[in-house]
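Record features (TrEMBL):
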type	residues	note
SIGNAL	1-30	signal peptide
DOMAIN	31-340	domain 'Plant heme peroxidase family profile'
DISULFID	Cys41-Cys121	disulfide bond
SITE	Arg68	site 'Transition state stabilizer'
ACT_SITE	His72	active site, proton acceptor
BINDING	Asp73, Val76, Gly78, Asp80, Ser82, Glu94	Ca(2+) 1 binding site
DISULFID	Cys74-Cys79	disulfide bond
DISULFID	Cys127-Cys336	disulfide bond
BINDING	Pro168	substrate binding site
BINDING	Thr200, Asp255, Thr258, Asp263	Ca(2+) 2 binding site
DISULFID	Cys206-Cys242	disulfide bond
Amino acid sequence: MASSTPRASSAAAVLAVVVAALCGIHGAAAQLVEDYYDDTCPDAYDIVKQTLIEAHQSDTRIYASLIRLHFHDCFVQGCDGSILLDNMTGFQTEKEAVPNMGSARGFPVVDAVKAALEDACPGVVSCADILALAAEISVELSGGPKWGVLLGRLDGLTSSIAGANNLPAPFENLTVLERKFSDVGLKDLVDLVALSGAHTFGRVQCKNIADPPADRLYNFSGTNRPDPTLNSAYRAFLTQRCPQNGNSSVLNDLDPTTPDTFDKNYYTNLEVNRGILTSDQELKSSPLAQGRTAPIVDRFAQSQDAFFASFAQSMINMGNIAPVTDPSLGEVRCDCKMVNDDS
């Protein structure tokens, strides 16, 4: 490659400054809308989709991982892209929280999406909106429903490890799950049951099945016995996958029937006590579920259309959790891993 001339180098430097200046510039706070980028970045959806398709060619888990990132982002400080921040300014970030450390994944793909968008429309599309778009596209490409993604979020300026450590956990009972969903504004039980249906694809580590405090296989709730709600044949299968004191990082299909397809089989599994996580089976088998979440599970198990319609609406509801739209409180990050340097 030929060396650049001083004039070319100067032009490139000026362009870099202009691009950096574009990041974070926004007008007044606004409501989220589907057509937010129609004028400023009309190809945004297609750019995200193409990047995800390419990523999926070498990583079949990526779609499930990306929707999990959006979920974990929205449940902490709202949908503000805070889960994407690295620990670069001295504060501990959400990436370092127990529910995310060693399990949250897909960050390089988000970076690749951001880079492609910056090439097409510098300083326009926020990282928080990238997560929302990636979640919808991931579900769609896996056979699930489509929905109109509401856009216009700015990226937050902080990250909360404490908030991330309080995310809904795989070992929690229905009472705790209801409270944590209600605390972020998702008070309708349909949201809890529908969003849990994202476990219809993806993988889970043995530590969330066979190790304390989750242990469903060997010492459930300190009884020295397995979880009585777990199907015996399924339990035998899982004990082979996750032997006591074995490798906690071994991966297991969240949905053993169609592990990479977005469908209603998560709920048909719950109907026969084949929910892999305590938090899953609680929706059907908890005494408190009767007359509350269990009928919703039954409805979704019977009708994929009903599940898809509710899931799409619940994702919109979740995407509306405390979005940052006030430019005095947020920005469009140039790099999703760090807040902009305004110096």
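First residue shown is number 1, and so on along the chain.
Heads up, the Cβ atoms here are built off N, Cα and C, so glycines get one too.
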Closest of Cys41, His72, Asp73, Gly78, Cys79 to Cys206 (disulfide bond), Cα positions, recorded positions only: His72
Env. residues of Ca(2+) 1 site, Cβ within 8 Å of mean position of Asp73, Val76, Gly78, Asp80, Ser82, Glu94 Cβ: His72, Cys74, Phe75, Gln77, Cys79, Gly81, Ile83, Gly156, Ser159, Ser160, Gly163, Ala164
Remaining residues near the recorded Ca(2+) 2 site, that is with C-beta within 8 Å of the centroid of the site residues Thr200, Asp255, Thr258, Asp263: Phe201, Thr257, Pro259, Thr261, Phe262, Lys264, Asn265, Tyr266
Distant-in-sequence Cβ neighbours of Val76 (Ca(2+) 1 binding site), under 8 Å, six or more positions away: Ser82, Ile83, Glu94, Ser160, Gly163, Ala164, Asn166, Leu167
Cα proximity to Thr258 (Ca(2+) 2 binding site), best match among recorded positions Asp73, Cys74, Gly78, Asp80, Cys242: Cys242
Residue pair Gly78 (Ca(2+) 1 binding site), Asp263 (Ca(2+) 2 binding site) - Cα distance, angstrom, rounded: 27
Distance check against Cys127 (disulfide bond) for the recorded positions Cys41, Arg68, Asp80, Thr200, Asp263, keeping those with Cα within 10 Å: Asp80
Residue among disulfide-bonded residues Cys74, Cys121, Cys127, Cys242, Cys336 with least C-beta crowding, 10 angstrom cut-off: Cys121
Between Cys74 (disulfide bond) and Cys242 (disulfide bond), the C-alpha gap once rounded to whole angstrom: 31
Neighbour tally for Asp263 (Ca(2+) 2 binding site), based on other Cβ positions within 10 Å of its Cβ: 19
C-beta crowding around Gly78 (Ca(2+) 1 binding site), within 10 angstroms: 22
Which same-chain residues, if any, lie at least 6 apart from Cys79 (disulfide bond) yet have Cβ under 8 Å of it: His70, Asp73, Ala128, Leu131, Ala132, Arg153, Met318, Gly319, Asn320, Ile321, Ala322, Pro323
Among His72, Pro168, Thr200, Asp255, which are recorded as recorded positions, the nearest neighbour of Cys336 (disulfide bond) by Cα: His72
Binding-site residues listed as Ser82, Thr200, Thr258, least Cβ neighbours within 10 Å: Thr258
